[in-house]
Structure formats: C-alpha cells, structure tokens
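Here the structure comes first, spelled out in structure tokens, and everything after it is commentary.
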Amino acid sequence: MTVASAAVVAVAFRASMQTHLTVGGAAVVSSASPVARPSPRPSSPGHRTPRPPTAGAGTGQASAVVVTGGVVDTQYGPVQVEITVRGGRITRSHAVQHPSGDGRTDQINSFAVPQLDHETVTVQSARIDTVSGATFTSEGYRQSLQSALDAAHQAGAR
C-alpha cells in the first residue's frame, strides 16, 4: 500500500463514527483524532485539545499536540501510533500498540518498533522504510501514522 492510499483510508474516517475498512489485507479502524491528556497514557480518542503549556510556553514556543492514529489490524496483531507535534514538527512518535504475544513476534518488534519511532521523527512524514523482517508491523505503523498526521493537520498542528 502506498502512502497516498493510506491517506485515502485516513481521510475516509469521520469523527462521529468509526468506520472499518479493509485495505491491502489490513483492516483499518479509522478512529484517529487528537487526544487531550494530562499524562502520557492514552485516553479515548475523539477529543482535540493541545497539551497544557509547558515551562517554555511564555517564550513563544508552540504548544504540543498529541495525536493517536487509528488502530490498524495486521496479520500478527494491531498497530497504533501516537505522535507529538510541536511547531509543525513531529517531536515524538511512539507505537502504543504493536503485535506481541509470542517470543518471535516480541523479538522482531522489540527491534523494529524503536526503528520506526526514530525514523518517523527523522523523516517527518509517513514515508518511512519497512523494517526487514517486520513487514506487517511496518505497514500497520505507516497506516496508523498517516491517520495521526491527518488528524494533527485537522487539529491545526502546523
């Protein structure tokens, strides 16, 4: 699946309902929306509020917007990405869900997920490379990341 087709999936969602789509063998639950939370733990999607101002708020720094992408069901389990956007840049990307449960899957994803997180911040888009050996996780990550980026854009994170 290309980034463009992942964007089509992300655009298909409506905040008032959750739509289940199947794209390229991956079921996508389009529920991406910014998430307001006082703590780093995810809360229910559907609310758009930037994080409270931090120590640098009075110095002209932009507030951070934390957005959780839609859940993407892959062959090995769900993938969901959360990003933090500040000043129009992705400052953090984190997989809040990824396939796990058996030793081999855990081993693969303990290597792949940090690479995907790091590359997202480096590349500043969903055009990240597939991690060898973690094709399904990489594709699910890209799709969830794109839905988070779309939601961040809709929230006004620039």
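Every residue gets a Cβ built from N, Cα and C, even glycine.
For reference, TrEMBL has these:
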type	residues	note
DOMAIN	75-152	domain 'FMN-binding'
REGION	29-62	region 'Disordered'
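The domain 'FMN-binding' (75-152): residue composition by secondary structure is 39 helix, 19 strand, 20 coil, according to DSSP. Mean pLDDT for the domain 'FMN-binding' (75-152) in the predicted structure: 96.
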